[in-house]
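Chemist: Dropping a structure here in structure tokens format, bear with me for questions.
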Amino acid sequence: QDSGFDTSSLLAFRALRVLKSFRAFRPLRIISRSSGIKLVVDSLLSSIPSLANVFMICFLMYLIFAILGVNLFKGAFYACYDDAGNEVEVDRAACKSDDSLNLVVADSNFDNVYRAMVTLFQVSTTEGWIDTMYDGVDAASPGKYPKSDRNMHRSPWAALYFVAFIVVGNFFSINLFVGVIIDQFQQMKEEMEGGPFMTENQRKWKEVQRMLFQQRILEKKTLQFPKSNLAWLQAFRTHFAPIVASRGFEFSIMFIITLNTAVMCMRHATMSNSFAQTLETLNIVFAVIFNLEAAVKLLIFSRLYWKDPWNTFDFMIVVGTDVTLIVIALQSENIRSNLSTMATMLRAFRIGRVLRLIRQAAGLRVLFQTMLNVIPSLGNIASLVFLLFFIYAVLGMSLFGLVEWGEHLNRYANFRRFGDSLLVLLRIATGEDWHELMYDCANNSGGTWLAYIYFLSFMLLVSFVMMNLFIAAVLEGFSETVAEDNLERIRNQHEQFMSMWMEHSKGERWIDIY
């Protein structure tokens, strides 16, 4: 009352802060205006019945382990310290009643079913579960001071409890979410042509890309070398065209690319000047070879060279390599300025040549085509994930922006600015010490119990559901690409069979075997 700010005013201020936090949900209106995000949300809503069943199964498993954990470890996860910070081995009741001692209860404990459920959820994410298991191994009877040498006979059973829960709560329950989500969207894929994550325009874009890809295959099969009025150029094309078009030539270039990649991997921090000079000499040799390859193909194919996107990509790498060599040469002449940084960036540009291996490897080609096919789906899912990140970032600023910093909530991880909030949420989505941030936001000065709802809902919604949508979309695209690749392979085999049949049957419907 002396300060003019009583307890009721403080509670009213906190209630007002919570109500103001609801403004963070305004961006949800964008869902109705974005067809891609709306499609993903509709897909999620249609899968709620299946996810609800999985959630109930997981909840029952967690509840069983929570009740068992309370019976085993209630009141045992604590430590007692005197004013000097020295650990004092006394029972919990004695430590709490003595004013000269400080009772410190572990944030992850099993004092009641609610705390046990939170602790088990943390353990299921594999964050800090080893420390929690060791606390359980050292735990004595309820209220007794934990000490490992006094409790060795219970250690195996305590460790077995946590290992069993990791198997059930992590390996089984969480992956059950993944399986149900993928199965649900496979069923939706059968009902919706093109997949559940793409709009009609995106499906048309995908079909156009597929048609262009098949057209490029057809052009490669029927490609003819252009004629030239210059006798020497026509003779050059006639002589070298079969060599350049042969598989042996392609495999030779692939082998050289592999060697070039191995040479680039040999650079290290403590290499000698002679070793570095040897690597640069080898890179010059490789650059000359690739320049000759590009020049020969340009002379043979002329304008048809640019119809193949891989040729265009390779030519860009060749030009980038040449620019890198020029920059390094200028640098050696003491014309430095900003050339050192530019040379480093351009040198890294040569790594892109490894992507040419995709052209010859069927497995890599399928994966690359999968990446192209799932771009629309991943874009829609990523838009929804960013929207959730935006909402949770604004909520975090409103709820925890004034929370006092602690051991984990600090200058590097906090909710005081929007950019910092997004970075913290990205860290939480990866599961890195998310529980420690939750406990700081709940227990530090200015914290609130809403931290438990905030962090647990974010982990459940983003890490367990939304991130698994990416897996579902990639698997959908991969299965579709594999099916298309197998169909294209069958089509090629059929064309080869028909060509050989026409050659040996001489236009008839039979072949004489005598």
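Just so you know, glycine gets a Cβ as well, placed from its N, Cα and C.
TrEMBL does not curate its annotations; it predicts them automatically.
Per TrEMBL, the feature domain 'Ion transport' maps to 12-191, 247-482. The annotation transmembrane segment is assigned in TrEMBL to 51-73, 157-182, 251-270, 282-306, 381-403, 451-475.
A description of the local structural setting of each listed feature is requested, covering burial, neighbours and distances.
Modeler: Over the domain 'Ion transport' (12-191), the average per-residue pLDDT in this prediction is 79.
Remote same-chain residues near the transmembrane segment (51-73) are listed as 109-113, 116-117, 119-121, 124, 135-136, 139, 158, 161, 165, 168-169, 173, 176-177, 180-181, 184, 465 (criterion: CB distance under 8 Å, separation of at least six residues from the stretch ends).
Long-range contacts of the transmembrane segment (157-182) within its own chain (CB-CB distance under 8 A, at least 6 residues past either end) are made by residues 47, 50-51, 53-54, 57-58, 61-62, 65, 68-69, 72-73, 120, 123-126, 129, 132-133, 136-137, 139, 464-465, 468-469, 471-472, 475.
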